[in-house]
C-alpha cells in the first residue's frame, strides 16, 4: 500500500538561507530547497540530514540536492549533493522543516477551519478571545477564559474557571479542569489535566478518599503529549515549568513540580510531591518515587527506578537507579563473575 503525503510544502527555502541558519558563508550559486526527505529517499530539490554512523551506507547513495552533515562525515557525501557542514545538523534541519512545513510546527483544527463551530457548547459566562477556533463537540465551561488565537479541538472539555492562554492548541478529547495554562502551550489529543490526585487514607478498615483541592499550573511554551495525565495538587498546585516537553503517556501525580525546559519521554511516572529542577532529562519508562528532589540538569536513563534524591548535574540509570558509572562498573563486575562460573 502506497503511503499518502499529508504534509505538502507550499514554500521553498533558498540554500543561502539554510547556510545562514547554520552560521556558514555561502559562496556558490544559490538554489532552492522545496521539500525535506530521508537520506534513502530524498531526491532533487530536497534536503536531508545525517549525524549517526548507522546511516553511513544510506548517505553514500543519497540523491538529495542538499544534506546537513556533521563534520566527521563530510567526505562521504556524494558528489551530486551539496553539503552544509555543521556540528548541529539535526537542530538546523528542524529549523528548515519549520520553514518548509509551518503547519506541522503548530497543530491546527482537524477540520482546517477557523472560528467557533455552531456545534460547540460554550457557556454564556465564558470569555473567548479574538481569533479563537473551537471545533464541533468541544465544551467550554462557566467562567472559563480562552486567550486569543487558541484552537480547541473536537470533544475537548475546558472546565469551569479554567484559564487558557494565547496561541495555544488543545487537541481533540482533551480534558482541562482546575488549571491555569500559559501562552503557546500545545496539549495533544486524549490528555487529561486537573483530575483528582491519588489521595487515600486507611480508616476504619477501608480506604477513604482525601479531597484534592489544589490545581494545575502549566507555564508558557509547554508541550504535553497524547494521553498524558497531570493530576491536580492536594492542597497546592501541580506545576509544569516553562518550555518543558512531556511525551505521550506520561503520568504526573499530585503536587509534583517540574522545572523549566525539561524533557520527559513516554511512559514516565512521577509520583506525588516530587520536585524536578530545570533542564532535567528523563528517559522513557522511568519511574520516580514520591517526595524526592531531582537536581537541575540531572539525567535519568530509560526504565530506571529512582528511589532517592539525585544531585544536580548527575546521570543515573538502573533499578534501583544509581550513578551511571557505579551502575556500569557493577554490571561489568557481574559479567566477569558469571564468566568465572
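The backbone N, Cα and C atoms fix where each Cβ goes, and this holds for glycine too.
Over in Swiss-Prot, the protein carries these features:
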- 254: active site, proton acceptor (ACT_SITE)
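Counting only residues at least six positions away in the same chain, the Cβ atoms of 196, 197, 198, 199, 212, 214, 231, 232, 233, 234, 238, 272, 273 sit under 8 Å from the Cβ of the residue listed as 'active site, proton acceptor'. Secondary structure at residue 254 (active site, proton acceptor), as computed by DSSP, is coil.
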